[in-house]
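Engineer: The following feature annotations were taken from Swiss-Prot:
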{"type": "DOMAIN", "residues": "14-140", "note": "domain 'EamA'"}
{"type": "TRANSMEM", "residues": "7-27", "note": "transmembrane segment"}
{"type": "TRANSMEM", "residues": "34-54", "note": "transmembrane segment"}
{"type": "TRANSMEM", "residues": "69-89", "note": "transmembrane segment"}
{"type": "TRANSMEM", "residues": "97-117", "note": "transmembrane segment"}
{"type": "TRANSMEM", "residues": "121-141", "note": "transmembrane segment"}
Amino acid sequence: MSQSWQFWALLSAAFAALTAVFAKVGVAQINSDFATLIRTVVILCVIAAIVAATGQWQKPSEIPGRTWLFLALSGLATGASWLAYFRALKLGDAARVAPLDKLSIVMVAIFGVLFLGEKLNLMNWLGVAFIAAGALLLAVF
């Protein structure tokens, strides 16, 4: 298995693109919140099978409290994001919803600097600006 973060990030992007297309079709005839529930159940089953099959299960009692807290917060943010995303897909075109959703990249860059102490150079900030501009051009015009 590849240990390259770039490989996994590109794979994530490819699956995220498929997610937008599949989700747009999937929410066409049902409530977007219920569609999110179905998606979540599928993800839970698949990830549980992967963790079990690869022997990656960990004892919950051995996981530090801080880890539980931040994973719970991440889960809540993910759920809110998915609910909003599916509602947006129900109401709008996938080709316009997905780029606007990807403004999360811009927000992550800002939050990373503000809260995680990460550093971005001038070229990085230029890239962030281009992503923001591109997302807005795709979604608004």
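The first residue you see is number 1, and the count goes up from there.
Any Cβ shown, glycine's included, is placed from N, Cα and C.
Quick one: where do these features end up spatially?
Structural biologist: In the predicted model, the domain 'EamA' (14-140) shows an average pLDDT of 95.
Below 8 angstroms of C-beta separation, residues 20, 23-24, 27, 32-33, 35-36, 39-40, 97, 100-101, 104 of the same chain, each at least six residues beyond the ends of the transmembrane segment (69-89), sit close to that stretch.
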Engineer: Which sequence-distant residues neighbour the transmembrane segment (97-117)? Criterion: at least 6 residues beyond either end, Cβ under 8 Å.
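Structural biologist: Residues packing against the transmembrane segment (97-117) from afar: 17, 20, 24, 81, 85, 88-89, 124-125, 128, 131-132, 134-136, 138-139.
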Engineer: I need to check the long-range neighbours of the transmembrane segment (121-141): which residues 6 or more away from its ends have a CB within less than 8 Å of a CB in the stretch?
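Structural biologist: Cβ under 8 Å, 6 or more out: 95-97, 99-100, 102-103, 105-106, 109-110.
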Engineer: Just give the helix, strand and coil counts over the domain 'EamA' (14-140), going by DSSP.
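Structural biologist: DSSP classes over the domain 'EamA' (14-140) add up to 105 helix, 0 strand, 22 coil.
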